[in-house]
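According to TrEMBL, the protein carries these features:
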type    : residues               : note
BINDING : Cys320, Cys366, His367 : Zn(2+) binding site
Amino acid sequence: MGETMSKRLKLHLGGEAEMEERAFTNPFPDYEAAASMAAAGAAEEPGCDRPPPTPDEFGLPFHNDGKIIPNFTRRIQTKIKDLLQQMEEGLKTADPHDCSAYTGWTGIALLYLQLYRVTCDQTYLLRSLDYVKRTLRNLNGRRVTFLCGDAGPLAVGAVVYHKLKSDCESQECITKLLQLQRTVVCRDSDLPDELLYGRAGYLYALLYLNTEIGPGTVCEAAIQEVVSAILESGKALSREERKAERCPLLYQWHRKQYVGAAHGMAGIFYVLMQPAAKVDQETLTEMVKPSVDYVRHRRFRSGNYPSSLSNETDRLVHWCHGAPGVIHMLMQAYKVFKEEKYLKDAMDCSDVIWQRGLLRKGYGVCHGTAGNGYSFLSLYHLTQDKKYLYRACKAWPVQFTFSPTSSYQRHHGFQRLNLALRRWIKRCKKTERPNWTKSHQIA
Ligand SMILES: [Zn+2]
């Protein structure tokens, strides 16, 4: 926390040009090779009394049916416990004013909310409440998005209070969140449309509430108003740039037409394609789809994507810039338009991430290994292809084997642990009930 705006910008824009090698070489065989090694190992010495080797002895962290092996689950649980302790220690000296979900206290509240969700342990919900109360006392009115603005604390606060059955407080958060709407839809404002600081980031908060609390928590009219503002803004820039034919929805941030999830079109289209955003079919087909295709056509030969339409350097493989963010747009396009080409491109993204995604920058979701591993899990959920589960299992522990290049990056990464943990814990729960005794809980 305590990250200044200029530091954030520097990280997002890949300003660390001096860092020649951005990623560790992936030391693992890919799934097919690992699976054949496991099969060969399991087949040797027929009739031998020795118990057959377990999948993890051959580098496979799951059984044939996709269930995670207990050893691997235990390793993850132990690591989560260790990291939570380290995180709590780090928080003692953290910036008290950073209330964002992205790098601050709301992110911590979100983490404990998720721990409560998967363990049903009320201690975690109360811990989440402690953090969320702190953020709600510190709303600053500077930004409007889920990740970096007041919408994050308000949306997470509404969900935490709802789970505690404090409906009055929950409603108060929702009312305050909706009061931001006027600024968001104002046509004369210079608010961008991207996910981190712009309209799509506010829309995400509204959709989050309807998912977490229930449909209708935020009325359709409010969602429609924000969707219209985003569409109008995209059409206007497209016309201005004379790209209406090729890319009917065009967006920019700081005068640059970014491609990636954080500041670019991939993040905006991903949110617009959410069923809960209720964008009508004609708009999806006539406006969103050709614009998604326009982005697709800008991909590098490697399968990676540029940070902006004008950038031709195939360098960044981050959630914020590159394949690990664009993959989520492609997977959503596949779900909405049911065309194989989107899935094929998403799989190509996954190959790039597998080859170049073990980042030296840190553990975080935005530009760290966890964010890149997250893409494998998402693709596994979509395809049920164990190759992607394998890649995710390998990407996760490796980040604790290799050290990020500075203490700042280590610290930074811990703030963003929540999203990655979310999926992991879910998976552990599916395969083996976590044995999290009282001694594993945070006091
Ligand atoms: Zn980033």
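Glycine too: its Cβ is placed from the backbone N, Cα and C atoms.
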Looking only at Cβ atoms, how many others are within 10 Å of the one on Cys320 (Zn(2+) binding site)?
25
Hey, what's the Cβ neighbour count for Cys366 (Zn(2+) binding site) at 10 Å?
28
So His367 (Zn(2+) binding site), by the Cβ count within 10 Å over all chains shown, scores 29
